[in-house]
C-alpha cells in the first residue's frame, strides 16, 4: 500500500491514494499508522479519493452539500482514528499531493470534505514544496446562550470566542498574554471546557492580541492533542483577534510553532494561505496493515 508523508506548517499527515475508496480505514488502523513509535507517525491521515467514489463505497452516506461526484474528496481522520469534518492544513497538503503526483493539472479546483466544498488555488508547486490558498468558507461565531465560553489550558482559565469553521473551535484571546507566556503554557495537557456547550468536543486555541498584523497561537486539537499548527484553528484565531479589535474583516498573519500562515476574513468567506511540504513516498507493509486493523 503506497503512501506519502507531508506537512503544512508542521501539521503532518500520511496520505493514502485510494481513488476507488477501497481501503478499509478502521480507527485502530489509523491510530497505529499515526503512532510515532509503532507506525509512520502523523497528526492525521488523508485518504485521496473522489466524492463519487467515496459515496459509492459507503465511506459517505451522501454527497456533502455543494460537493459534486467528480470533485476530489479529502477523507480526513484524526490520529485517534476518529473522522473529522475539515482540516485546513490538510487541504493544502492534499492539493499539493494531487499536483505533484500528476493526478491534477489545474491551478484551481475543488476539494470536497464533510464540511463541504473547499476551492483551492495552487500558486506554486513542485515535487517538494507548494504555496496554496484555500477558500475556507464563512467562519461563523456561535452564541453562548448567556453563558460565557471558557476553557482551562495548562491550568490557566481563558475566556474564548466559539467559531464554526466547518468544525468547532474555541479561540481564547488573552490581551495580557505575552508571546513568552504563550510559549511556556502547557498546551499538551488535557484541556477542560463545558461539555454541554461542546457535546462533540472542541478544538481550543490560545492566542495573543495582534501586534503589527501578527497573532501568535497554539492549539489543542480534539482527537489529537497539541499540534504544531491547525489550519481551521488559525482561521478561528483570526476571527477572534479581529472581533476583539472591533473589526469584522481583515487580514492577519497567524504564527504557530510550525510557521506562518495568512488568513483573510471577508464578509462572505475566509481564506487560508500557506505552505505545504511533501517529505517522503513509500510503501506500507500489507501484513503490518492487516495486523494494525485489529
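We number each residue from 1, going along the chain as drawn.
Heads up, the Cβ atoms here are built off N, Cα and C, so glycines get one too.
Annotation comment: Swiss-Prot describes 87 as active site, proton donor, evidence class sequence analysis. Residues or ranges marked as active site, proton acceptor by Swiss-Prot: 230. Feature annotation from Swiss-Prot assigns substrate binding site to 11, 78, 88, 89, 167, 203, 221, 222, 231, 232; the stated evidence is sequence analysis.
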Distance from the residue listed as 'active site, proton donor' back to residue 231 (substrate binding site), taken between C-alpha atoms, in Å: 6
Give me the CA-CA distance between the residue listed as 'active site, proton acceptor' and residue 167 (substrate binding site), in Å, as a whole number. 12
Using the Cβ center of 11, 78, 88, 89, 167, 203, 221, 222, 231, 232 as the substrate site position, which other residues in that chain lie within 8 Å, going by their Cβ? 84, 86, 87, 90, 219, 224, 227, 230, 233
Could you measure between residue 11 (substrate binding site) and residue 87 (active site, proton donor) for me? Cα positions, answer in whole angstrom. 10
Quiz question: given the binding-site residues 11, 167, which has the greatest number of C-beta atoms lying within 10 angstroms of its own C-beta? 11
Sort out the sequence-distant neighbours of residue 88 (substrate binding site) for me: same chain, 6+ apart, CB within less than 8 Å of its CB, listed by position. 8, 134, 136, 165, 230, 231, 232, 233, 234, 235, 272
Whole-number answer please: how many Å between the C-alpha atoms of residue 167 (substrate binding site) and residue 87 (active site, proton donor)? 9
Could you give the Cα-Cα distance between the residue listed as 'active site, proton donor' and residue 221 (substrate binding site), in whole Å? 11
Out of 87, 230, which of these active-site residues shows the lowest number of other CB atoms within 10 Å of its CB? 87
Residues with Cβ closer than 8 Å to the Cβ of residue 221 (substrate binding site), same chain and 6+ apart in sequence? 43, 78, 203, 227, 230, 233
What DSSP gives for residue 11 (substrate binding site), in three states, is strand
Just checking a number: largest C-alpha distance across 11, 78, 88, 89, 167, 203, 221, 222, 231, 232 for the substrate site, rounded to a whole Å. 17
